[in-house]
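Novice: Pasting a structure below so you can have a look.
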Amino acid sequence: MNAGSFFADIYIYTITISLVLIGVFVVIKILKEAGLINLNALTEVNKKFLSNISSFGEKFNFLKKIPTNKLEKKNIKLFFSIAAITLFSRLIIFMFAFLWNYFNEGDMQGFFKSFEKLWVRWDSPHYIYLAENWYVNEGTAKIFIAFYPLYPFLMKILNFFTQNSILSGIIISNVCNCFASYYLYKLVSIDFDDKTAFAAVKYMLIFPFSFFFGIVYTESLFMMLSIMCFYYLRKNNWLLAGFFGFLSAVTKNQGIILFAPAVVEVLMSLKIQNIRYALENKKRLFIEFLKKFTYIIPIPLGFGAYLTLNKLVTGSWFKFLEHQSSYWHHNFNLIHDTLKYHFDYMTRESYSGLTKVSIWLPQLALIFIVVLLMIYAFRKVRGSYILYMLLYTVMIYSTTWLISGGRYLLCLFPVHILIAIMSRKSKYMDFALTFTSLVFLGYYTISFLQGGVY
């Protein structure tokens, strides 16, 4: 075994074991936050075991209770300020790409004429096709059933006014990006101060793959809907949480994951004090839980709506899985094996340096960063946030031929919140994180323009 192989094995097992341990601790954290862990009600063996875990967690603040319901600002001027910053950040990225294309490729086209050449690639043409033709079950376009319907449906509606699918997609993406920024600010403001909330928006907008927010991709729509779902969960507005969760689930496959933190937030809203309280009031608590639970049922029903679309168009409920496997080579894979083939591809001469640095390397680095952030999160945010991060990350990395991990993780909004919290430690930390993000944003934007990022 050479040194490279030894390092790869250490890395893979470290990530895998860490995810398992995070899963154990997040369950304990959620149960404790919900008031369902009561050491006095346990057997002596379980009491000693859980007591050790609990004391260990409290020693390092792993199981710290997070303060909630801080007053937040409600100001329409705030929305327009955040929207202006968001749109300006997209304009800078578009101008950066235009100037790079002008000086490096000698392309003399104007800003608007060059837009399609630069930004409409990979999945974008598929969404444009769906907006103009919808789903079919014949020809090469039949594989587009693998794409969720809400984004192209909105494009289709807007096309009645714009008569231009690219313009419709750009408008939808950037408007959703504005609302995603605004609701991220509102969500963070529930628990933290304004500076942390603004920092979270900043780090979302300068994330190395954030250029996807402004183009014909689903990322900004999904980001907006998932954040809105979480925001209304935190506000105990179960009807709106279920509604936006439903829309998330018909936008991207990760949307169904929102159901898990939604159940957790419903459980926490019961304000159970301890096990004894739960047992004494079990009937009332059960009825209250069911009433609130019915409002979040639409989240998994969103995935059901997508399956129904598959059935109506193709005659098969799960036709999308067939196309994902045959065309995109996406099948279920253990995370251990996913990381293993990443290291394998990093050493293959058949892959260019651009592919290695733009796909395999960042995906290996990002899961490591996310794992570290999840560990850090135990001290900073509620259990529902960490559960969402864990399930989201596991879902992304449990697939064969993962080439869009950076884009997928862009929409994992707790990452931006946690980076913002870290940045508040010192101005030097903030500068280092901002500078690093901007450098990688510039690099991966150029890589996308060269066909290296998907």
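Cβ coordinates are placed from backbone N, Cα and C, and glycine is handled just like the others.
It should be emphasised that the depicted structure is a prediction, and the values quoted were computed from it without experimental measurement.
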Novice: Of the ranges 140-156, 293-309, which one does TrEMBL flag as transmembrane segment?
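Specialist: So the range that TrEMBL calls transmembrane segment is 293-309.
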Novice: Assess whether the transmembrane segment (385-401) lies in contact with the transmembrane segment (431-449), where contact requires at least three Cβ pairs under 8 Å among residues 6 or more apart in sequence.
Specialist: no
Novice: Under 8 Å, at least three CB pairs between the transmembrane segment (78-103) and the transmembrane segment (205-233) (pairs 6 or more apart)?
Specialist: yes
Novice: So, does the transmembrane segment (205-233) come close enough to the transmembrane segment (431-449) to give 3+ Cβ pairs below 8 Å, pairs being at least 6 apart in sequence?
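Specialist: Yes; at least 3 Cβ pairs under 8 Å.
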Novice: Any chance you could find the range in 6-28, 205-233, 359-378 with the most Cβ pairs under 8 Å to the transmembrane segment (253-272)?
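Specialist: Highest pair count goes to 205-233.
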Novice: Given the model, what does the mean pLDDT over the domain 'Glycosyltransferase RgtA/B/C/D-like' (149-269) come out as?
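Specialist: Averaged over the domain 'Glycosyltransferase RgtA/B/C/D-like' (149-269), per-residue pLDDT gives 97.
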Novice: Helix, strand, coil: count each for the residues of the domain 'Glycosyltransferase RgtA/B/C/D-like' (149-269), based on DSSP.
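Specialist: Split into helix, strand and coil, the domain 'Glycosyltransferase RgtA/B/C/D-like' (149-269) gives 100 helix, 0 strand, 21 coil.
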